[in-house]
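**Q** My questions will all concern the structure given below.
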Amino acid sequence: MSKQKQQAISPLKNFFAGGFGGVCLVAAGHPLDTIKVRLQTQAKPKPGEKLIYAGTIDCFKKTLAKEGFKGLYKGMAAPIIGVTPMFAVCFLGFGMGKKFQQKTPDDILTYPQLFAAGMLSGVFTTAIMAPGERIKCLLQIQAATGEVKYSGPMDCVKQLYKQSGIRGIYRGTALTLMRDVPASGMYFTSYEWLKNVLTPEGKSHNELSIPSVLFAGGMAGIFNWAVAIPADVLKSRYQTAPDGKYPNGFRDVLRELIREEGVGSLYKGFNAVMLRAFPANAACFLGFEMAMKFFNWLAPDL
């Protein structure tokens, strides 16, 4: 499957390079993430009223007009704090998942094995991802509604903890798992597959050009989100709903969405997600690959 001799997997290098990739991802993708959450959580209009945002472009224009460029980067502190360790742990989990399945460091893994390693990384990241996502969504929608309940990420954590303890902070964890475990499998498998496809015969993955890495990373992001969007819509709704609105968890959210807005509502924010997925994940994998090259140069034997 691969055209190169495998380099021994270094969990430590994966960890730090993944963290750097995460920072690149947030910087490139946060404005469209803000738009995605606002589109997903906007209320259904009353009879005779219009939706607040007609679509991705309209939301972008209104956010810029009302809040300026800064509005697009609302709530970015929480994902930077959460995403750096999360991507570090994500790439660490993928590296460990690959290592567990290798009998020798030279073993070349099959695509199902890569998918399993990717799913393990999804389990790893949820512990960090769930609270970070909950805080991010609450800060993003408060900016859209104009009602200031939280002064920032730490204040949000304090209030949630005071209100409903650790469970309040981790609300939506099952949905985050449902979203991230299969999506992470798809994410890494598609990236490895595209790297194999784009690597010229007789060359190694390390010699891939920057445009090839950007393309493979961007497409991996699109494959990831194609799997993740329905669970992501349910999660955004559930995590931003008032306490007690959905006593049976995501089943109630799913019933309400399908009853009121049809199955198509599970793909709300699709354009914003896909527009963001390509550049954000292209930036992430490029950051990861460049950091890996740097670490391999700095400490080749680590």
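The backbone N, Cα and C atoms fix where each Cβ goes, glycine too.
Taken from TrEMBL, the feature repeat 'Solcar' applies to 9-100, 109-197, 208-294. If you look up TrEMBL, you'll see 12-32, 76-96, 108-130 marked as transmembrane segment.
Quick one: how deep are these features, and who are their neighbours?
**A** Secondary structure by DSSP for the repeat 'Solcar' (9-100): 72 helix, 0 strand, 20 coil.
Under 8 Å from some Cβ of the transmembrane segment (12-32) lie the Cβ atoms of residues 60, 72-73, 76, 79-80, 83-92, 94-95, 272-273, 275-277, 279-292, 295-296, 299, 302, all in the same chain and six or more residues away from its ends.
Long-range neighbours of the transmembrane segment (76-96) within the same chain, counting only residues 6 or more positions beyond its ends whose Cβ lies under 8 Å from a Cβ of the stretch, are 9-11, 14-19, 21-23, 25-26, 30, 33, 117-118, 120-125, 127-129, 131-133, 135-136, 139, 152-153, 156, 184, 188, 284, 288.
Taken residue by residue, the repeat 'Solcar' (109-197) breaks down under DSSP into 77 helix, 0 strand, 12 coil.
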**Q** List the helix, strand and coil residue totals of the repeat 'Solcar' (208-294) as derived from DSSP.
**A** 73 helix, 0 strand, 14 coil
